[in-house]
């Protein structure tokens, strides 16, 4: 039998730990726990595993041997947290009662935390308490939930809210059970292990730090073999259990000490409550531990080093350290947006360990030790600060600011990075003290370790870093070295990577990469110098920046190396430090002028001497150094000096506030240039400065009396210029402060000089850029402006020095100032905000930008395209020129045709190819594309030649662009039409081969080079051309993220098309989809699966129907037609749907996890419907349905669709119970078959329906919209409601006809009547307060009067200032909602008449008239995107009233004179709101005609200018006649506005969209 370790808890050795101890479990239980009945309870997942089955067999055998008279029962609950409920507990208890179990029963709970908690609670209450044995099978359960006797079930209001303390008789921890654990669950459990060590045992924490790499390597391998780490794993579990057992023994009922076990849980549980089940408990606690450790640091209790150790240890186990962690965000998807400060605080307020509503957390004092051994009350303000990356810096208060202060900054970043490189290159062991623990050094340490350059460990609770150097013997590794935005590390490691040798088991190269900003920062001069010295270095993205691919085994040749050092001294230091390892001695000559930051070069040389290599300056050649060959000899101890750049911030604080501050460990003897800041900058500005060789003290003048510096050369301390700039900002004088010598600051984390100019302007301080510096015009601090929250306060550009500098100026303002991205200070001073708060007494407050959580843009994980340029590819005649122009119009981009660019440089393409051949042409073509993608990377549409994909170089460029998130759009049209067109085109080169052969060759290239695809259907008429443009712009909105529609919230239907070719029904599509919110394309039922045909089918849908497309490929195993075995084709066809920009992609959960994840990773802005179909009729009470639902949630699906099969009516009832319990994600759930029709009726979201106009039905038991509504109404789900048109006169109103037509078509039971009156009060008393009231259509004279009877207003109603639609507010009896749909009537009328969405292009509109409708017209034109809205009327006083009452961003101009009309920009859209029954005033007509004339004749217009007349009688009004016949404008009759506003009104009333054709005909019938 394997060794068993016993742990005592509450005086009993009842916790037994070992590996493979199942025989011991059986023998111990049956020997010592005598019973007539043993019940083993697990879940259905564990039930199927080999270890469980072995344990069951051994129990059965043991029972025969030890207790032959006893009974043994088994029970399996459904798995998952959602089944840890009172209902499941009752089911278990019913089973025990049915089996005749009595008080002597022994229950053995085998499973994870869910089983242990719930079955423990069963044991606590069954027969008033029976014995229980815990056999935990997950790491989390082994070290946490099974220990200590806590039992519980969840309730709808929270986790573990109903439970009891009930100690198990035994806890048997058999670590071999972990072989059944998925990798993620394994890692999840390590959070609790790290926690127990962090609060109790520093020695064990150190062991865990060292064990992490081995552990992760084993548990993430394809074939997990725990035997290789068995001893370490048992010790890991055992030590964690011992901690918890000690704590529980001292405090069983969690009255004091046991609260320590909740370290990380206050915040972690709050996060978990929001993101479960996508994120696991341990993952959330890991984030919680980091945040609670940061809170302890914020209080000044925990050292920054300890926080860094904790963060690094958690990260080493692949656990998240923030809610912004890349993997964490991928897992929780759009729920990231729900993690908001107020929500978290609300969750924390109901934590069980709180004192009433006072939030308490566990505070670490050191690794292995808790502060005062209790949980502490925490203010919401302090919590809000640590929970967000944005902070409000409150004004510095004289009463809370210490008059004198001593601050010790962290270790120098410059010295720390150099010390690590030298130590890794050196031989022997060095103990580095006061090393900066920051993002930069973390990346450096990780890189050195990855390259096997040194063995790295810690001492003194992490304060000392021990580096055992390998003498420069680095070898390649598998992974890329990610350096974040660590510029110093990237430049030093570029040369180090040139020294790396080849690891035969890995790559023959090293890749250095970083974040987006790092991939813009220059490294070119260094690379050029290294290339010239024998290194092979390749740029993988942008020329001159990371990522770099550096060939291993090349080394440095040595000899003379010339380097341009006018941009960065770090290039020089990089080569200096590595030069001793070159083949020959190095002579380093710095060319191109005086080197920048000479003091940092001197620092490097001095440090090299400390490590045993002496550099000599050439006595004759300026800026030239001789470096001997050799190996560094590591000193025993190396002390890193505090960071002089960081020291400038506390010193500047003293200068600005008139107080005193001492930095005790930086003085005149410092290696760092920034040590001169106090003497050279602050002293001349009026400060008293005392500087010894080792310390610096600054005392500021009285507040507000700083003097400007006429000129200061800060070349020796360039990083400190930002600090100097904010001090100069309040040096009030007519003389500006001029700072020079800082040109290198333009290529740091950001362009710091420009950043300082832009951000100072937000404070009302003028600053100007100089060629190598900045000039600042200081003002009185009392006159500082407060950067507005609306404009997002101070932007830090993710730059630590920008953030720290402006944190000082912010406190000088009269009101709090927002600083964004505050955590960027982690680069050099992770604890800066804590120092500001604790040492300087500054009030800080967390801030979070308000979000509309209903914004569909929050539901996607992809960033919107924004200003990023769009590349268009495709065959000639595919429509690239036209559609590229449409893209440019919509996006507001410039259009570049690369063929035109070529001809401007090289002449006619045909002639060039004749003279030079296709090969040379393709080479130049690729070069041009690369050039323009670089210099026109934003706000351009780049249209390419048809053969751009013929060149491999061009293909690589295009594919690289898609990988960086750029859009490469492939346009295509019917090939036969293309051939007809190209056969007659003599302006382009003839193809060597036939057109079809060319397409056959290029097709796969087009698909692999593009990430989006649009098929242009043939347009035979102007009307079809307009439809194409409208559908293309809708497509463009989807793929760029500019226009995303949310999942419907009310009852909604989707028309499921079972057609082999949609062209057969195209003309009837608008009628077919009546009443539906989406349309499903069943791709598997199409006659052809080729990309071109499938794309054509989506084009048909877009041409005839303006509805979201659901793209579905159903395999035969899931009731469809696509072959189950052709997985590769299924994946390609699914990805095609994403490229086609469909709104929804149906993904079958029956596919492999790898398949599903690969599709979801590419989904962009397409929503995912995670679908599972079981046509065998699996009961809805089975756990498999829970598993599928949770699987959909874990994939961050936007909608989950579960389809069963009904054998009996009861199946529908069971389904509704399931639906009621599964509300996290929108659910489509119904039963197929005749018996399942009721479930279709009861389904709320996107119910699949058919149409009476279709001959084929895609689903068994499918119904029409009308059938469902009628049935739902008959069973009481849809009550009859009464709607009215109110106002006077209304006798000729067509609203009753419009709404009634919609009711009849959709089988809605409602009634629409007229209620004629002039009095809103009468409407309220006699209509709105009556039972069955559904809503109002409001017309004159009541649109204003009715507003006092509504409780809420839509945005449109608020701005327009009138209501035309009223509905009762759901769940709020006696309260009503007011809306205005007139604006929608205008916009949709324009859209239906071919006016495209013009997005960011410059289109102007005009409103004629000054009545109530004019306000709706102005609102409509603004919604459409008009940049400027002109208004004209016979009398202008009303127009000025309208202008002043509407938002300023409507950009309204009132045209009063003819001169103003003539000076106006051309107008493309006009809405006439004047009566049509009398002629226009002549003066007004003159102005209107001039506008119409200029609109028609404007130079740049992308559509026919269009006029809409809001008057619907007569059908053709005088102004329409003038616009169309005299000036060639398109015109829209007012009846269209009436219908379109009614369509939205109908939807507001009923949640359904009425069939347009039916309601239109009802309105125009007899309406001439």
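Start at 1 and count along the chain as shown; that gives each residue its number.
Keep in mind that glycine also has a Cβ here, set from the backbone N, Cα and C atoms.
For reference, Swiss-Prot has these:
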{"type": "ACT_SITE", "residues": "254", "note": "active site, proton acceptor"}
{"type": "ACT_SITE", "residues": "269", "note": "active site, proton acceptor"}
{"type": "ACT_SITE", "residues": "824", "note": "active site, for EPSP synthase activity"}
{"type": "BINDING", "residues": "43-45, 81-84, 112-114, 117, 137-138, 159, 177-180, 188", "note": "NAD(+) binding site"}
{"type": "BINDING", "residues": "192, 265, 281", "note": "Zn(2+) binding site"}
{"type": "BINDING", "residues": "874, 875, 876, 877, 878, 879, 880, 881", "note": "ATP binding site"}
{"type": "REGION", "residues": "1280-1568", "note": "region 'Shikimate dehydrogenase'"}
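A map of Swiss-Prot features onto the structure.
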{"residue": "43", "record": "NAD(+) binding site", "DSSP class": "strand"}
{"residue": "81", "record": "NAD(+) binding site", "DSSP class": "helix"}
{"residue": "114", "record": "NAD(+) binding site", "DSSP class": "helix"}
{"residue": "138", "record": "NAD(+) binding site", "DSSP class": "coil"}
{"residue": "178", "record": "NAD(+) binding site", "DSSP class": "helix"}
{"residue": "281", "record": "Zn(2+) binding site", "DSSP class": "helix"}
{"residue": "824", "record": "active site, for EPSP synthase activity", "DSSP class": "helix"}
{"residue": "874", "record": "ATP binding site", "DSSP class": "coil"}
{"residue": "881", "record": "ATP binding site", "DSSP class": "helix"}
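In the shown protein chains, 23 other C-beta atoms lie within 10 A of the C-beta of residue 875 (ATP binding site). Here residue 188 (NAD(+) binding site) comes close to 139, 140, 280, 281, 282, 283, 319: these same-chain residues lie at least six apart in sequence, with C-beta atoms under 8 angstroms from its C-beta.
Cβ-based neighbour count (10 Å, all protein chains) for residue 876 (ATP binding site) stands at 19. For residue 138 (NAD(+) binding site), the same-chain residues lying six or more positions away in sequence with a CB closer than 8 A to its CB are 111, 112, 113, 178, 181, 185, 189. Mean model confidence for the region 'Shikimate dehydrogenase' (1280-1568) is a pLDDT of 93. Residue 877 (ATP binding site) has a Cβ environment of 21 other Cβ atoms inside 10 Å. Considering only the recorded positions 192, 254, 269, the residue whose Cα is spatially closest to the Cα of residue 84 (NAD(+) binding site) is 269. Cβ-based neighbour count (10 Å, all protein chains) for residue 881 (ATP binding site) stands at 15. Residues near residue 880 (ATP binding site) in space but far in sequence (CB under 8 A, at least 6 apart, same chain), listed by position: 872, 873, 874, 943, 944, 946, 971. In this structure the C-alpha atoms belonging to residue 81 (NAD(+) binding site) and residue 878 (ATP binding site) are separated by 53 Å. Residue pair residue 876 (ATP binding site) / residue 114 (NAD(+) binding site) shows a Cα separation of 62 Å. Within 10 Å of residue 265 (Zn(2+) binding site), judged by CA to CA distance, lies none of the recorded positions 43, 824, 877, 878, 879. Between the alpha carbons (Cα) of residue 879 (ATP binding site) and residue 269 (active site, proton acceptor) lies a span of roughly 55 Å. The residue listed as 'active site, for EPSP synthase activity' sits 26 Å from residue 269 (active site, proton acceptor), counting Cα to Cα. Each of the binding-site residues 874, 879 was scored by other CB atoms within 10 A of its CB, and the lowest score goes to 879. Residue 877 (ATP binding site) sits 59 Å from residue 269 (active site, proton acceptor), taking the Cα positions as reference. For the pair residue 43 (NAD(+) binding site) and residue 192 (Zn(2+) binding site), the Cα-Cα distance reads 23 Å. When the Cα atoms are compared, residue 114 (NAD(+) binding site) and residue 881 (ATP binding site) turn out to be 61 Å apart.
Here the candidates are the recorded positions 254, 269, 875, 878. The one whose C-alpha lies nearest to that of residue 192 (Zn(2+) binding site) is 269. The Cβ centroid of 192, 265, 281 marks the Zn(2+) site; residues of that chain outside this set whose Cβ lies within 8 Å of it are 140, 144, 191, 195, 264, 268, 269, 282, 284, 285, 288, given in sequence order.
Contacts of residue 269 (active site, proton acceptor) defined by a Cβ separation under 8 A and a same-chain sequence distance of 6+ are given as 159, 284, 285, 288, 347, 348, 351, in order along the sequence.
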